[in-house]
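Annotation source TrEMBL lists transmembrane segment at A:6-26, A:73-91, A:119-142, A:154-176, A:183-204, A:233-252, A:273-298, A:318-343, A:364-383, A:389-415, A:422-439, A:451-469.
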Amino acid sequence: MNIETWFLVIYFLAMAGIGVWTLKIGSKGSEGYLLGGRSLGAAVTALRLQSSSMSGYMFLGAGSLAYTKGYFSLWYAMGDIGGGVLNLSILGRRMRKLSQILGSLTSIEYLEHRYPSKWIRAIAAPVALFCIFFYVMSQFIAGGRGLEMVTGIPYAWALLIAVGVIVFYTFLGGYLAVAYTDFVQAIIMLIGMVWILIGCLQAVGGWTAGNETVGQINPNLLTMWGPDGIESVQWGVIVGAVLVFSIGYMGWPHVNVSHMAMKRPSVARRASLYATGFNLLFIPAPYIVGIMALILLPTLDNPELAVFEVADTVLPNFAVGIVMAGIMAAIMSTADALLLQSGTIASQDLFQRFFKKDMSDQQSVWVSRFTVLVLAIIGYFVAVNDPPAVAEVVIFSTTVLGAAFVPVYIAAAWWKKANVPGAIWSMIAGTVSSVVWQLTGLVDVTGVDPMGVGIVCSTLALILVSLATQRSHPVPAHVLEAMKETDKIGAIPAHMLTGQNDSLAGQVPKDV
Amino acid sequence: MSAEIGTGRPVGPDLQTEDPVRMDPHVTAAEALAVFQRKLPDALAEVQAVHHPFWWAALDVRTRGLFRRSASGPVQRMDVLVNALSGRGMIADFTPRGATAGSSEWSSLIGEQSGPPPTRDEAERTARSLARAKVVKTVKLGMGIDITPAGGLRGVLKPNWIVSGGNARHEATILVDGLDGSHYIVRADKAGRS
């Protein structure tokens, strides 16, 4: 076994260990399993949010984009850097407070409580489950491929190991395990990436010298307009890269659930500082490494391997092992969050809501665990027999998620006139328009991103339908009262909490 | 709408208190009913005022530096309530005020307990350790903490509401805290099952 493999083994064991540890400290019942008992502080919230939203794309896709398009790729980095902070600033505090007042445990249940109609969940849950399942499958494939690349073991076995480790700790500790492993994984990702960046800049003689050499290859690579210069810029793509990618995060249920698990609403403020720090250190690094790879590896066959090949070239063997652990961390932190979320949606939002309403807390946790296992098994067999292209699956599923859910999540927290018909039509319009735009090839014809089209359609549907149906479908008084309370800074008054106060158990008169 | 629940056994002199304070609720009966109806929409319910006995310990807390023998700095007053039946304590963010209740009412509520209720000493110890635990979190490591009682233990009757009723599908009984409006579900059944 080579030294890279040893690092991966240690890493896998550490992640599994966290799963076992959280099983011991984790609180019982649905709120404990699904939201970690709403106990997470700023650092864990921020890094969990960032690592689960970034996936293996940062190590594979970002390097590839920079290798082929130069500093043009930083438009995407800008979207990435802003995404987490925007999400925490716009949704964080309000979603935490509103979800607790309304007594919501999952991000889909939160939508149903804010827009009280069973149709909200009946539409949102299948859309989210479908997209998240494909997204998690793509992460399985990426994890299997990564492990195969490092260890040399056959893909089928590598995939089985990657899926096994992810399922193991998700299955055991629920949200708390996922949150803590994501936190550790974010740190490993950061260390791995910054290490490659430093080694890479040393190898090219510093950033200035590196830029001069890249300029000799093609001076346009040093500009933000792409390798063909400003004349060939697609402004629709640039606007899409900066705005759509940055706000797209706000529609991802597996990312938004972080807000609901915060210890207090005020944690959001400090978490956005941590998220900004993490993003500024981490996100530009793979892009810069990708650009400098043009000097170090001018004849690279597969640009997606730019970051890994640079690491292999400039770092000692043991460091390559840590970097590989970082890549696996990026993949696994996204996969576990997705897997837990899909299990949650299937058990809480579909099974319990529509089939077995009187399910106990413990039964619900077990159904969640069983669903995680079943989804992982199906995901494994699809991924091992006929694996689709990772990037295509990721882009498709995240596009639909963003288009369907961004306006309803934002309006849920901010717009008191957003009502049930508006939310239903917004989700339908976002899903249908983005899927149709993608499948009919309108992207190539118009040069406009399907997520942009989807978000415009879903936003317009939300605003127009909500305003048109204010009289027939007014927002319920208790939701308006909860939103008014959410406007205020400070603790939630006890009488507004939907959850019960267990300390009152000792005050129940004997005769009752 | 208001009644007392509790016809207990006689209690020993150690657990008697003179002039217990009967606190008035901050949450009205209508608000308690609204809490119930938020859990069970369109429910019809009846609201009943109840009181729960607590021991009230007013404590003065002072901190002192590592090398100083006497305490310095301002005195911090803490009002600690200890459940006179279960022995669990809580630090109150209010000073209990209200009319004086009869000691017979106190005795009857204490007598509800099937097992032995906590003694005065135990209640005092609970109050002191709770106050210490709270202060320890806010002072530097190694600082001393002096806790002196500002008077003896006094009985307090804390107000709560019992709300019972149901809608077409469910029946339930909940206890609503008379001071902050939080609630505890005592019983919940499908309609017609209970």
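The backbone N, Cα and C atoms fix where each Cβ goes, glycine too.
The structure displayed is predicted, hence computed values, not measured ones.
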Cβ under 8 Å to the transmembrane segment (A:119-142), counting only same-chain residues 6 or more beyond its ends: which ones?
-> 55-56, 60, 108-109, 111-112, 159, 162-163, 166, 253-254, 331-332, 334-335, 338-339, 341-342, 345-346, 349-350, 353-354, 375-376, 379-380, 382-383, 387-388, 390, 393-394, 396-398, 400-401, 404-405, 408, 420, 423-424, 427-428, 431
Give me the stretch from A:73-91, A:364-383, A:389-415, A:451-469 with the greatest number of Cβ pairs under 8 Å to the transmembrane segment (A:422-439).
-> A:451-469
Would you kindly check A:73-91, A:183-204, A:318-343, A:389-415, A:451-469 and say which stretch has the most C-beta pairs under 8 angstroms to the transmembrane segment (A:364-383)?
-> A:318-343
Surrounding residues of the transmembrane segment (A:451-469) on its own chain - C-beta under 8 Å, 6+ positions past either end | 236, 239-240, 243-245, 247-248, 398-400, 402-404, 406-408, 411, 415, 417-419, 421-431, 433-434, 437, 442
For the transmembrane segment (A:273-298), could you work out the same-chain residues 6 or more beyond its ends whose Cβ comes under 8 Å from its Cβ atoms?
-> 42-43, 45-47, 49-50, 58-59, 62-67, 70-71, 73-74, 76-77, 80-81, 84-85, 88, 186, 189-190, 193-194, 196-197, 200-201, 203-204, 207, 210, 213-214, 217, 221, 306-307, 309-310, 313-314
